């Protein structure tokens, strides 16, 4: 046998050997998942809510999945870099993308090039409650606010963080549903929004109840509307959007995403792991500590996917209407 | 209040807490001295460690690290023109020329003393005025921030050098600041579809590139290869210098506190404004940038004072005044504490212990900085062919770590080349930084103000604080333009009289 022929024989043998495992790969991968260390990409900067969430569940998941996990913050472009990197990663479930609702709001605003179809939502873990919060010296309650806004069209200003954030979407959908002529001022940091509400420079803000609790308790701020179906157990006096006839219930949500090509077996393994973390006492006491326990945070893969698709459609329409 | 404070001091002097403070100062020293590793990153890294600790100890640790990183950025700024933190950029303008003149020890001494004094003034303001000052800070809204940024930008006229270069530099800085997603409408600007540019051009890549990398290139290009000094003797208390910088120190410390208290405006801006004011009020503005002691004292006193000032709205209102304080706020919540308007009342024991800790940290800086700096000055004696690559490595790692972005590293190197070329033209690099830091404030606050007033421009004049600030800006601008013109006119008359 000439050396050339030898090469061909061994070459084809090699190919056959390589093909074998590939065919059985999906099954095997699901059996011994995770087969290597996991990488958690955080679509936000260090120290924020999404980062806190990721770093809190990291040790719990390390124990649950018996592996070690590296956390990497990729805050650039509202987290778009993290989504893009996840969509381009090996579809083997070893790269997890931890994101907030900013994923879909920035997508609607055209700032995020990774389409929803390129990612599979694994689970939603947190669902913070969106509220309209005002300075009580300016507006007594929801009724007073509404009638003031109606009598003074164009004069009411509401603050929030960033131009393509859950706060902004709450504002757009509220304006759309109520038909009021009010305007939105985006700030870079939540601190600037609160200080402008406290000093009465703006009429109010859209924000999470969890981060303004102290001002509410001290009486410097007053939530006058919660985005929810039913009144919150802890705040029975605040009227809801649904009882006012506005079908708006979205707040800021946080969850986990993977590459859309990841085998369904692995996705469901990930979902199970997250679910048992979610149900643990340790995780629940964390949620209580950071005031995220006002409503159920858990949502499974399928349901979460549908919800995100609905959100995207609504936000895209609202933004298009604003730009017209 | 005094009773509370003494109670806090007692807590700090428990051996465990003292040990924690000392290690915090040391960690802060290292982090601050390495370019790119900022207080924010250090606090984030140590956050999980503090969860297991008692809350008082945890916050003494975090705030002490925060305080000491702001200080130690000056070491590499003075010795190698590689500012360890963005707050220390201004310090390199006069600190590095002094090093080149063989006076590194003197420059470091001035920096340490100014930092400690600024920090102490800031801490005293924090302890005494927190409840009062917080409500003053709330008076500042968009129109006032805009007016403040305008006031800062007028400094270009008194920076010295060719005015036209100053204007070009500031405009370039303002232009760079517009890159990225528009903060108000969310429209991408000058991003060319690249995700890397969507967040805008970061301050760290620009600063590290313009100052540190360009300096390494200059030294490597061979004209000044020899080491200017072999022995650095740090002298902190030098009565002749102390007399010279006393006025600058007190002005800059107060200015630093005042700026630090404003939410959203950090220690870097404070250092910049304070340096500019030092130039503006100096009797010999031509000495700045060439190794003037006031040029070190002004930014260092201001940035340390501002760092403490930024804690005022955090403790009094639960509003973070800067990036690091925002993370400390998050840490409070994780520890089950509720920062907000009632925080001072509910958690006064903890807060006064933290205040006492910060007070003592400033003395620790005075004591421990000298041995720590020895580590760095020893490096000065290594040949630049070894030191230069090490500086470049540190710059690359530091820049990368800010956003985990390789693009930022390339950007940083690009700005290094730009800085190298601009310096050959004797271009004032500070003007670029001025535009870059103040540009985003000026732009977005202008637009927010107009949104608040439904497009009515008079909002800037109808609010007393913003009207005053704008008035001062106009007055200072006209003075700095008119005085040189008048001098020229007089000289001309003198000349023509002599000619006759």
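Quick reminder: no glycine exception, Cβ is built from N, Cα and C everywhere.
Quick look at what TrEMBL lists:
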DOMAIN    B:18-434  domain 'DUF112'
TRANSMEM  B:20-47  transmembrane segment
TRANSMEM  B:59-80  transmembrane segment
TRANSMEM  B:107-133  transmembrane segment
TRANSMEM  B:145-178  transmembrane segment
TRANSMEM  B:190-213  transmembrane segment
TRANSMEM  B:252-275  transmembrane segment
TRANSMEM  B:314-337  transmembrane segment
TRANSMEM  B:349-369  transmembrane segment
TRANSMEM  B:384-402  transmembrane segment
TRANSMEM  B:409-442  transmembrane segment
TRANSMEM  B:465-486  transmembrane segment
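Segment contact holds for the transmembrane segment (B:314-337) and the transmembrane segment (B:59-80), given three or more CB pairs below 8 angstroms at sequence separation of 6 or more.
The largest share of C-beta pairs under 8 angstroms with the transmembrane segment (B:190-213) comes from B:409-442, of the ranges B:20-47, B:384-402, B:409-442, B:465-486. Taking Cβ pairs closer than 8 Å, the transmembrane segment (B:20-47) reaches residues 12, 57, 60-62, 64-73, 75-76, 82-86, 88, 204, 208, 212, 323-324, 327-328, 330-331, 334, 357, 360-361, 364-365, 368-369, 372, 376, 391, 394-395, 397-402 in its own chain, all 6 or more past its ends. In this chain, the transmembrane segment (B:409-442) touches the transmembrane segment (B:145-178); three or more CB pairs sit within less than 8 A of each other, excluding pairs fewer than 6 residues apart. For the domain 'DUF112' (B:18-434), the model's pLDDT averages out at 85.
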